[in-house]
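I have placed the structure first, in the form of structure tokens, so that the comments after it can refer back to it.
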Amino acid sequence: MNRTVFLAFVFGWYFCSIALSIYNRWMFDPKDGLGIGYPVLVTTFHQATLWLLSGIYIKLRHKPVKNVLRKNNGFNWSFFLKFLLPTAVASAGDIGLSNVSFQYVPLTIYTIIKSSSIAFVLLFGCIFKLEKFHWKLALSVIIMFVGVALMVFKPSDSTSTKNDQALVIFGSFLVLASSCLSGLRWVYTQLMLRNNPIQTNTAAAVEESDGALFTENEDNVDNEPVVNLANNKMLENFGESKPHPIHTIHQLAPIMGITLLLTSLLVEKPFPGIFSSSIFRLDTSNGGVGTETTVLSIVRGIVLLILPGFAVFLLTICEFSILEQTPVLTVSIVGIVKELLTVIFGIIILSERLSGFYNWLGMLIIMADVCYYNYFRYKQDLLQKYHSVSTQDNRNELKGFQDFEQLGSKKIAPYSISVDLTNQEYELDMIAQNVSRSSQQV
């Protein structure tokens, strides 16, 4: 990937991710933000926007995607119940709890604690025998939770401060629950990949032809891969679309949206209160406390509700473009920098503060543990010799995704908290395409 293009995608990733985090905190913060009391309902609108955008994107940029939920003129309940529903419910819980937590915890604490999902990945990985127990991994989990405890620790004798601290602790548990669901979702995806090996017809055909999709050209000064037209044409004849996380988003978003909407109706009971909240009302008293609902305030409210959906969509495009061509270690390093920048911008823009030595120590411990985890994973990857997968050259060094032939084996994909969801959406789309091919062959 050209360096300028790579930096552009990284900037887009940083901007969308950091802006989205700050936006969500501002939207739900009851003290210094809009204080919207219906975070689960608001998240439902995000999913509706994602579904529409992903549908438009697939229509404009990709070949028609076969509906894996249709099987022999009927509904493919097996794929829906086994793959889509568990992933969608876990994702809805992850995102929903994250947004609810913004009512109680600052962005700085949220960002650092969210990194603890690595600990849940390791824990569940060992329980389900995806991970081989190693004392270094166990120590990493323990250190991670020690860091989380220090992040929320705030000694004080003031009653009001104790009440605030209780809310922060409650919000921190919500973030931990969100991280737990994130870890469970990752482990479940890996179990599905292990039990459903991905073998594409296109890959097999190219292999049988003893040809590569890309060839070397001695006259190519930049030593860039050149498309092997014969085998590329072979791929086109199959008429299959390339796996892409946007395909999965289009399938998951409606299920997540319905799950979140039902949860909101049962727990938040948002109607009719949402219409009198600050998101649909404007201050009309020139500095006073009077507000009213106008056409302008309604338009503003709708824009505020759908804007995060656009941010998540662009975020996914940038993440996937980086993952296609960038080694896992590089992605992890770039992701760690993004987390640090999120904390810094939270301090600058939202005027948040890490109060006291213990909070700073907790943040440093967690970030150091995340760095060590990624280094440990990198060393493991070198030993296990993961194969790369790339849309341009699958003979290059390790990239963010595994080769098709590795999926479903006893090896598992490297986990990165920064691009966790995009990785799993990509993997789930490969499972979907594999299931679709299998059902057509029956």
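Glycine is treated like the rest: Cβ placed from N, Cα and C.
According to Swiss-Prot, of the candidate residues Asn99, Asn434, the site noted as N-linked glycosylation site is Asn99. Just one residue in Ser91, Ser209, Ser276, Ser416 has phosphoserine written against it in Swiss-Prot, and it is Ser209. With respect to the membrane, Lys31 and Leu354 are annotated on the same face, judging by the topological domain names in Swiss-Prot.
For the transmembrane segment (356-376), the partner stretch with the highest count of Cβ pairs under 8 angstroms, out of 108-128, 255-275, 330-350, is 108-128. For the transmembrane segment (77-97), the partner stretch with the most Cβ pairs below 8 Å, chosen from 4-24, 33-53, 167-187, 302-322, 330-350, is 167-187.
Applying DSSP to the topological domain 'Extracellular' (351-355) sorts its residues as follows: 0 helix, 0 strand, 5 coil.
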